[in-house]
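**Q** One structure follows; several queries about it will come next.
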Amino acid sequence: MLFSIFSKVLSMSITASIVAVIIFIIRLIFNKRVPKIFSYVLWSLVLIRLLVPISFSSVFSVFNAIDIPKDNIQFTYEENIKETKENLSKENNTDHSTLSNVDNEIKNTKNIKSVKPTKNHISKINNKKFICKQFIMREFPILWIIGVILLFLSSIIMYIRTSNKLKEAVLYKDDGIINKYSKKLLLNGKIKIFVSDRINTPAVYNPLIPRIVLPLSLVGSEDKLAIKYIITHELVHIKRFDNIIKILAVFALCMHWFNPLIWISFILCQKDMEMSCDEKVMEIFDEDIRRDYATLLINLSVKQNMLINGGILAFGESNIKSRVKSIMKYRKSTKRVIVIAGIVILALVGSLMSNAEIKMSENKRVAKKTTISKNNIEKKIDKETESNIKFEDVCKIKVYDRISKYNEDHMKDGLLMDAVVVKDKQLISQIISMIKESSIKAENKEREIKDLREDGGTLGRVVLFNKKGEKETVPFFYDDISKWGYIKYRNNRIYPKYNFFNYVSSLKLFPNITSNVDGGREFFRKYNYTTCFKINSIEKTLPKELKYKTGEFPETLYWIYVNQLSKAISLNIEPYLGEKVTCEIYYLKEIFPKKDAYMNRGILIKYKEKIIGAYIDNGRFQSNKGGSCISVNGKSYKDLMGKKFSEDIIKYIDTENELYKKISSMSPKKVIKTYYKAIDYDDERVKLACMSWENIMNDMSINMERDALFNEEFEESHIKSLKVIMVRGIKNQSTDKSKWYDVNFFIKVKDNKTSLEDGLDGKFIEVIKEGDSWKVNSEATGF
């Protein structure tokens, strides 16, 4: 709670400091050219930034050009310390998760692959990070609140002491002066004047019902002219509500005591307040009073005491000297100067009071996801009579996959569950065929006695139906990590090939499958693949050229990649560039050759029924570790070209592109800052330009719909704002081609759909040399 408050104050203090510096500069430029009221009004902008926690966004905001946190920094001390300790204790642990757990984890992370530097290095940085976070989150907010309390108490004590002294003040009887100059200032309400022998200089007392208190020594001198000037000066303060503004300024100073710029601003604000008041006094009097008025100030300065409104010391001789100089050089401002100053003030109010606009990239991909009715999913209680059904009599199959232990125990009570309904005769035949092909023996004795339900395996059921209203339930169990499983058919354990489990678990992924595979059956049969069903058919327009422009959506990279795979079997899409094509996706019965297989898909690219391209993948288009997309004859991109696509891609890049040149001229640190700034502004174009090719290709497949060719748009960002505060190189982890950096930033998230949390966070970021450019390649979260 305390840190949450302090973090908001810190964010406001940073923003106010930026405004203060700008006012410092403007004050220096226009100091002798415009009235002092101009500078005084500008200080109110700093005060608003210090006290008001909310603002509005504008395209005219100066903060569009300044990289600072837009939002407050918040994170919970207990949660972050707990997380830090847990991460430290898990450095040597390995987590073996099921495929479903991995998928869930992927959805909660960034789209950059996660790798870790050496354990010794992380251990050292972990300890430093833990100590640093612990101090920032716990100790500093405590120091801050102690300082606030002490300053508040000292100001209140000073105010109470002064109030007690002024209680003995007596009413000043001469009302003629105050009535005359109140009318000149258009000041409503009767202001009372008191006299006290407990003070040495004039003051305004009581912010709600302001009263002017004059020192007895001044009234006793019977210098009517001096009394006239002083009363007029104090009336100007009351007219402008300076007594209230001064209290607010003291309050802001107490809250932001740790910021030296705020102390300087407070001093200059008080100075400009008094000098603007002096100018107004000289403007009211028709005659030239500069010499007499300056002499009065000098005489009063010898007796200067504490300011009443807040208990902060007045600023002595230096303040008086500057005021006297200003008085002696005073010239009444022309209307032209006043108009120009007013326009400048209005412009500054608009640019300094508004926050940075939330920019949206012109090149950002608009989400095009559509809701598909899953007409092969049914939620209905199976009331048919349990019986032994002949395979040839099966007319319908229902598949229940990934049933929890709870669901299993309650299915007999009529628990409703989602089931994939299969009525197509060819699909039914395929499932029955795979059950029939099962062996009565496992690959080894150990698997024959292993019970997957007790070992964390996946439970499912195939329910067979005939036209007589009977059903037969066939439970199955499988482990998608070790790639094996078994079926319990009529109380006997049998062992199908693992493609059976891939098949039944994949059925629920596709809403509208069809057994019509005539368009691909013969083609894939030549390469020893069996087409089970058609997953989808997608219309696409080929790019006009196989050349990628930095920052554009990387669909062109997809076509470059799959065209090289197609060339392995003498197919080529290049003669058809710019034309509309049909991409047919088929489910293949045979297991994908790579170990990281989810399924096996065959993709045909057709131009007017002519096959011009083809490849197979494992359900995701990506190029990590040589490629999960391969040619239909089993060759990866690396096998064909001698290097990974991410290493070969430079020859397909438009190096004359302006954005490419801009990124190429950046240092590794600058690339990291540009990358995170693009994330902050939700600018996909610049973000892509800063990413390594392998990361871009990975973005095209992560969390991809299994009936798609690739991601048609990138995942929605859950980050509201992200501001880098430090980028520090890690020398012992860097080479000429790869450099690691410790990056710290303040982050604010939009929702809870990400593992990230509001507040101070950090990552280890790797940038690699790709051609002429440094690119963000990997991140590690080892702390």
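Every residue, even glycine, has its Cβ placed from backbone N, Cα and C.
Note that TrEMBL annotation is computational and uncurated.
TrEMBL feature annotations, pasted as is:
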DOMAIN    8-327  domain 'Peptidase M56'
DOMAIN    523-616  domain 'DUF4830'
DOMAIN    669-776  domain 'DUF4829'
TRANSMEM  12-30  transmembrane segment
TRANSMEM  37-56  transmembrane segment
TRANSMEM  142-160  transmembrane segment
TRANSMEM  247-268  transmembrane segment
TRANSMEM  337-356  transmembrane segment
**Q** Please spell out the DSSP helix, strand and coil residue counts for the domain 'DUF4829' (669-776).
**A** 29 helix, 41 strand, 38 coil
**Q** Look over the recorded stretches 12-30, 247-268, 337-356 and say which has the most C-beta pairs under 8 A to the transmembrane segment (37-56).
**A** 12-30
**Q** Within the domain 'DUF4830' (523-616), how many residues are helix, strand or coil going by DSSP?
**A** 19 helix, 35 strand, 40 coil
**Q** Averaged over the domain 'Peptidase M56' (8-327), what pLDDT does the prediction give?
**A** 72
